[in-house]
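Student: When I checked Swiss-Prot for this same protein, it listed these features:
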ACT_SITE  Cys91  active site, acyl-thioester intermediate
ACT_SITE  His343  active site, proton acceptor
ACT_SITE  Cys373  active site, proton acceptor
Amino acid sequence: MENVVIIDAVRTPMGRSKGGAFRHVRAEDLSAHLMRAVISRNPGLNAAEIDDIYWGCVQQTLEQGFNIARNASLLAEIPHSVPAVTVNRLCGSSMQALHDGARAIMVGDAKISLIGGVEHMGHVPMNHGVDFHPGMGRTVAKAAGMMGLTAEMLAKIHNISRQSQDEFAFRSHQRAYAATQAGHFAKEIVATNGHDAEGVLKRFDFDEVIRPETNLSGLAALRPAFDPVNGTVTAGTSSALSDGASAMLIMSESRAKSLGLTPRARIRSMAVVGCDPSIMGYGPVPASQLALKRAGLELADIGLFELNEAFAAQSLACLKGLGLLESMDDKVNLNGGAIALGHPLGCSGARISTTLLNLMERRDVQFGLATMCIGLGQGIATVFERL
């Protein structure tokens with residue numbers, strides 16, 4: 001079986017969904033911009049040799065409909081002979097795109113895949129047009145379709161206090177802002193056109209979503225967002241609504257060598273699991289355990305972790321389940337997470353993988369693990385080995 005290596009990994013800045021930088025920029029344009037960037041950054045690559053494009057997107061309607069992967073590739077002027085498919089595993093969509101592209105290479109059906117994902121949550125809200133089957137309530141709790149209430153459930157089951165959630169959210173903003181100030185995101189962000197508050201066209205090279213002014217007293221003053229009577233989960237301890245795209249260039253190790261391209265990491269293992277929809281946020285625990293088993297590694301072998309950070313309660317429950325609470329500040333989401341950066345659904349899997357790869361290089365770490373919870377009860381994980 002072919003080894004799959006990561007050649008490049010980039011993303012757009014994360015823009016606020018409500019009146020943010022990308023309010024006048026379409027999802028296809030964000031995607032096409034990154035596709036072009038990946039190709040231009042790797043002059044040894046002939047775009048016509050890409051075997052397939054796998055692009056994650058959850059709300060596949062309006063501007064994100066009718067196979068946005070293909071629409072974006074046409075806008076990017078990638079040769080018409082290169083096919084493209086849009087992938088949907090909800091929050092894990094672009095990580096699933098990575099898995100799909102990698103698997104095609106592993107079995108010999110492809111040599112080069114361009115993968116990534118996008119979500120413009122400002123233009124296409126996450127609940128747009130959603131119509132759950134009324135009979136679902138016979139097999140699944142109705143609240144399982146409300147992500148905030150599943151986070152409340154995890155908080156209750158795992159005794160995650162309101163204070164610890166506020167502290168985790170504060171940490172996310174602090175770390176993301178510190179990473180921005182130190183230039184740690186510069187290697188992964190591709191400057192992208194947007195519009196400032198006055199509507200003036202501007203080139204953005206920073207994440208608009210981070211709130212450096214966040215403090216514990218402000219977080220403590222927020223009301224529960226999902227369970228107004230007994231809840232502990234607030235808007236401040238939930239991932240921000242944002243717009244963005246991410247992309248990765250992957251290929252077989254042999255093709256990278258023949259093209260003279262330097263691999264940054266290899267995919268050591270991949271895993272996806274199901275779990276109870278009522279505690280969908282716990283999916284990263286069994287997914288990570290399965291990925292580690294397939295990689296032949298132990299938790300202690302992993303130097304860095306990236307968790308999608310849908311909610312502080314969800315993240316803390318997973319860290320508790322994996323036994324990572326004590327080492328969190330040394331190993332987990334060191335540049336902050338989705339509470340500060342936002343969680344554009346179809347973009348997030350490749351985004352956290354991109355951030356992880358850069359952290360692994362900066363800290364000289366051999367193994368890293370990226371993992372995500374997925375709405376309605378799934379988890380996905382990928383183990384990377386730095387080269």
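Quick reminder: no glycine exception, Cβ is built from N, Cα and C everywhere.
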Student: Please report how many Å separate the Cα atom of Cys91 (active site, acyl-thioester intermediate) from that of Cys373 (active site, proton acceptor), as a whole number.
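Tutor: Rounded to a whole number, the Cα-Cα distance is 7 Å.
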Student: Should His343 (active site, proton acceptor) be counted as helix, strand, or coil on the basis of DSSP?
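Tutor: Assignment for His343 (active site, proton acceptor) reads coil.
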Student: Can you give me the Cα-Cα distance between His343 (active site, proton acceptor) and Cys373 (active site, proton acceptor) in Å, rounded to a whole number?
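Tutor: That comes out at 12 Å between the alpha carbons.
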Student: For His343 (active site, proton acceptor), list the number of other Cβ atoms lying within 10 Å of its Cβ atom.
Tutor: 28
Student: Taking the Cβ of Cys373 (active site, proton acceptor) as the reference point, list residues of the same chain whose Cβ is under 8 angstroms away and which are at least six residues distant in sequence.
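Tutor: Same-chain residues close to Cys373 (active site, proton acceptor) (Cβ under 8 Å, separated by 6 or more) are Cys91, Met280, Gly281, Tyr282, Gly283, Pro284, Asn308, Ala310, Gln314, Cys318, Gly379.
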